[in-house]
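Note sheet for the following structure.
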Amino acid sequence: MEFLNNVLVKPFADMAAAPDFLIQVLWEGLVGGVLYALIALGFVLIYKSSRIFNFAQGIMVVFAALTLVGLHERGIPAYLALPLTLAVMFVLAVSIERVVLRPLVNQPDIILFMATIGITMFLIGFGELIFGGENKVMITEQLMIPTGSFEFEPFGGFVSIEQKDLTAVIGAVILVAALLYFLNKSKIGRAIRALGDDHQAALSVGISLSTIWVIVWFIAGVIALATGIVWGARAGVSFALEVIAFKALPVLMLGGLESVMGAIIGGLAIGILEKVFEIYWGQPLLGGNTEAWFAYMLALLVLLFRPQGLFGEKIIERV
Amino acid sequence: MFYRTAGQFKTTYQADHALFPVRQDAVLLGIVLILAFVVFPLTASEFAFRALLIPVLIYSLAALGLNVLTGYAGQLSLGTGAFMGVGAYACYKLISIFPEMNIVVALALSGFFSATVGVIFGLPSLRIKGFYLAIATLAAQFFLVWLFQKWAWLYNYNASGAIQVPNIDFFGITVAGPRAPAIVQYYFVLCIVCLLTFFIINITRGRIGRMWKAVRDMDIAAELVGINLMKTKLLAFFVSSYVVGIAGALFVFLWRGAAEANLFDIPLSFRVLFIAIIGGLGSVLGNFLGAILIVALPVVISSVPEAFGLPLSSATVEHLNIMIIGALIIAFLIVEPHGLARFWAVIREKLILWPFPH
């Protein structure tokens, strides 16, 4: 009885007792969710256009952030370091397409997946070799991201919203809107979606596979840079950040591997739910740190009822 | 010339189905076994046992277990490390609750624990396929490692949170723990690995193996010809996790000597997956070739700068190491996506025809 009370009643009583704390928790979860959504978006773009499950997306986030901070450390001002980092991400996209993807066209999915794990390890070694493995501080101020915080007092409580988090959320919304516009309205965007629907048909109407792949990997790189700046501002830049890549995977399961909307909604849902679960159930009842697995278990439960995720394409199999 | 199959006639079906239809294969295996059982123990140093031979065997066993699931039954799993952990912790608990228990019995029983956990986490495979399943196995990975950290009963409430292997005797000889000599451990691991490999070779050759392959190639078609998908997939998870669990127990008891929960984290899973894929999915030989490559590579790479007298710091070597392994994985996948086992098969074909290729 005591146990049932702890699981079913007490958490909600706590929520009602301190609504300001609940709002704070929800906000923290939302910011985390936005980041998960951004990483998942990079995955989805590449998966849609090439059926490659790009494990390296998480490490691209770290690599982009590390390049930005590393360049700045060597005395390059922020307004130059940013375009230079973008250039590095472009070179990365081109070389991945040339060196890794082109020779592996038409191989089974699992081989390409392993190749992206190879890319992950290469980037970890390369990044640490050049910029060093220690934790770095993101150049928040040089990029003109505000660092103060807004404070509210709803219901007689106290809620603090950091300005950089707010900037992150707004930036992410703009980025996603631009991306959706690009995918749906521009010529290249249509070509990307065509490739996602049917490779051969797209090739036969003159869409260049290799160009589109470079573009898609570059867009994924840009998203990675944006994610890296935001996450780096919160937690510092080091390869410990790669764990967030693992956080984005359940988002994909929940939202569906092919769906842009799924990545966004799944990311927000997982970000908020895992935070709420950790604070109200995980820490008092399970000894904390449940964020490591909660998202996976949630996604697993959803998958049992919808094997293609919430928004994924229905899987039709023929013999 | 060296690999001539001409003149080896098969007059019965039994001879045709034999483990080694070509005589030279049997001879070759005999040579490898003599190397493993006689030559290496006589020549290897303590360092070679600890850094090369024992880990190669244990990683091969783990990859073999994973290969049953991924290579033969077609269910991609990223949670191997956690299942190794279940085997290791189960063995540790068995030994500490029943100190009199024979280590071989404890190993065999701990395999059943990991097999049970494997079947539980294999249940979603009935609904979920492909990459969705791969991510679902990550649920096992993260949940189990979290459990290893938080459930203090598992590590006997040690303040350090780590498990320490005590000295364990096997019929009067110390095989595990700080006092065990490396050569004894090597022989012990070698015998278990040989036994399990023999078991896996035969299971994959028979009816069960064919059912797995049918499910791997197309599960709906397999279901239509009357294969019970649930039984087949769960059996694959059971056998695979059993072998992986024993590999995990050996990993801690006969090699590392101590373990913390994060030892079984995702890098271990990936290392085993690399071995299975670089070795070749759906082959037994490949696991051993892959393990030799993945274990030996860091040792070789870290000894190269020293040999040339290059003044590199250990951190730089470490980074170079990761980078080169990543690049080599990509290179191997490009050169031979079907793994080292296929590489060997091609060489063998060439040798059979040599010196008259046409």
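Numbers here mean position along the shown chain, with the first residue as 1.
Even glycines carry a Cβ here, placed using N, Cα and C.
Curation plays no part in TrEMBL annotations; they are all automatic predictions.
The transmembrane segment annotation in TrEMBL covers A:21-45 (among others).
Residues or ranges marked as transmembrane segment in TrEMBL: A:52-72 (among others).
Same-chain residues lying 6+ beyond the ends of the transmembrane segment (A:78-101) with a Cβ under 8 Å from its Cβ atoms: 50, 52, 60, 63-64, 67-68, 71-72, 112, 115, 118-119, 139, 142-143, 210, 213-215, 217-218, 220-222, 224-225. For A:78-101 (among others), the entry in TrEMBL reads transmembrane segment.
The transmembrane segment annotation in TrEMBL covers A:110-131 (among others).
The transmembrane segment feature in TrEMBL is assigned to A:166-184 (among others).
Taken from TrEMBL, the feature transmembrane segment covers A:205-231 (among others).
The transmembrane segment annotation in TrEMBL covers A:251-273 (among others).
If one looks beyond the transmembrane segment (A:285-305) by at least 6 residues along the same chain, the residues whose Cβ comes under 8 Å of a Cβ in the stretch are 6-7, 247, 249-251, 253-254, 270, 273-275, 277-278. Marked as transmembrane segment by TrEMBL: A:285-305 (among others).
Highlighted: of the candidate stretches A:52-72, A:110-131, A:166-184, A:251-273, A:52-72 has the greatest count of Cβ pairs under 8 Å to the transmembrane segment (A:205-231).
Contact between the transmembrane segment (A:110-131) and the transmembrane segment (A:52-72) is supported by 3 or more Cβ pairs under 8 Å, counting only residues 6 or more apart in sequence.
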